[in-house]
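Peer 1: Okay, so TrEMBL annotates it like this:
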- 1-12: compositional bias 'Polar residues' (COMPBIAS)
- 22-31: compositional bias 'Low complexity' (COMPBIAS)
- 424-446: compositional bias 'Low complexity' (COMPBIAS)
- 1-32: region 'Disordered' (REGION)
- 416-446: region 'Disordered' (REGION)
- 191-232: repeat 'WD' (REPEAT)
- 233-263: repeat 'WD' (REPEAT)
- 323-352: repeat 'WD' (REPEAT)
- 365-415: repeat 'WD' (REPEAT)
Amino acid sequence: MHSEPRMSNSEALTDDEYTMRSSSSASPMSPYFYDQGRLSGEGSPMMMSPWNNNAGSPFQKVEWVPGEDGSLPQNALVGSLVREEGHIYSLAASGDLLYTGSDSKNIRVWKNLQEYSGFKSNSGLVKTIILSGQKIFTGHQDGKIRVWKVSPKNPSVHKRAGTLPTLKDIFKSSIKPSNYVEVRRHKTALWIKHSDAVSCLSLSDNKLYLYSASWDRTIKVWRIADSKCLESIHAHDDAVNAVVCGEEGMVFSGSADGTVKVWRREPRGKGLKHTAVKTLLKQECAVTALAVDADASMVYCGASDGLVNFWEREKGYAHGGVLKGHKLAVLCLTSAGTLVFSGSADKTICVWRREGVIHTCVSVLTGHDGPVKCLAVEEDRENAGGRDKRWVLYSGSLDKSVKVWSVSESMNNYQSQHQRMVSDAESLPSVSESSLSSSGWASGRN
């Protein structure tokens, strides 16, 4: 038996109910078909996932088998964090801390892979988590962004510091009729509030602004210093599944409408103005994940057809190629050093090593019993200074577990059928070629 960590439930206010979901082009046979009478999360493949995992210890360690020279394998499963309380939707890692979010509404905090603490929202499964100093921002299925702070007296205690937008701003905005916008037929809402699930959060390169993407088809920009909503961008024609910030004020968004767009942030008086720069991708299948590498030289896009497209900043975000390593939808992406990680509904994680524009699949990590929904990566501090640079990769899945991997940056090429992807104009898919659906994730929301 394992004792429960401290769970702080500091929501002082009852969360109001939202009517959810804008209309979708999905067919009635699709799991993403919109029924006007249901909420956002109901009926989605993730909510109805059949995968289960009978957990014992919350952290189940896997013993490494040393090689012939006594060294550790170049990539290895360290262990699993398992807690029977729901599918894992979100991860955030910083140093020795790992935050996990699930459809239980709990945010668990792990320290050195041991249960440390936790906190809980009143409603809304936790779709995304992002850390900014002593603040933790969580985006939820109910359309809310909640803000939490670490107690200065006890770092294991997390207290809710408010929501975005603040109650004060909601009250001030509600007075002026011009602050209401149509979010659905015969339905209006304040422009500073999301009217559907918050799917993704991202920090600007200067750490001053927070971007929130939503199924309500908008991206909202928040000033972290005073929690003000500076702008609401009607970014896409369907749910926005991903938003990620690059350098020099560049912002990228991906949507269920099949497009990836580039935006430029520019100061405008006391606020901001985002201008559409270009559309990088336009296809029929949904864009489900985005990532930018460490130096923001590459932008990666995962989609429901299982492909990962990438673009090069130095060439004005010209299309660089396609990574083909998954059989089903790519649900999450992240990068570290020269490595790119893609997690998929096919239950695997592909590890890609980049040399220029050439990407080689050096490893396929298997072990999850359900779709891999989220990824987070940190440098392996125990191996700091070593010749073989290693990373700790966390993967959250709809099998209700988080797996912990040790991955080497100098891995030998994975000997399999995964091909090296090069910048070759003849190999790039056209819109029609890349729009083929490989699974039921094709036109849905991530």
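Placed from the backbone N, Cα and C atoms, the Cβ positions cover glycine too.
Unlike curated entries, TrEMBL annotations are predicted automatically.
It should be emphasised that the depicted structure is a prediction, and the values quoted were computed from it without experimental measurement.
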Peer 1: May I have the DSSP-based helix, strand and coil counts for the residues of the repeat 'WD' (365-415)?
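Peer 2: Across the repeat 'WD' (365-415), the residues distribute as 3 helix, 25 strand, 23 coil.
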Peer 1: So what's the average pLDDT for the repeat 'WD' (191-232)?
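Peer 2: Computed over the repeat 'WD' (191-232), the mean pLDDT is 96 on the 0 to 100 scale.
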Peer 1: Restricting to the same chain and to residues at least six past its boundaries, which positions have a Cβ under 8 Å from a Cβ of the repeat 'WD' (233-263)?
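Peer 2: 22, 24-25, 32, 196, 199-205, 211-221, 274-292, 296, 299, 301, 303, 309, 313, 317, 435, 443-446.
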Peer 1: Counting by DSSP, what is the helix, strand and coil composition of the repeat 'WD' (233-263)?
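Peer 2: Counts, helix then strand then coil: 0 helix, 19 strand, 12 coil.
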Peer 1: For the repeat 'WD' (323-352), how many residues does DSSP put in helix, in strand and in coil?
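Peer 2: With helix first, then strand, then coil, the repeat 'WD' (323-352) has 0 helix, 19 strand, 11 coil.
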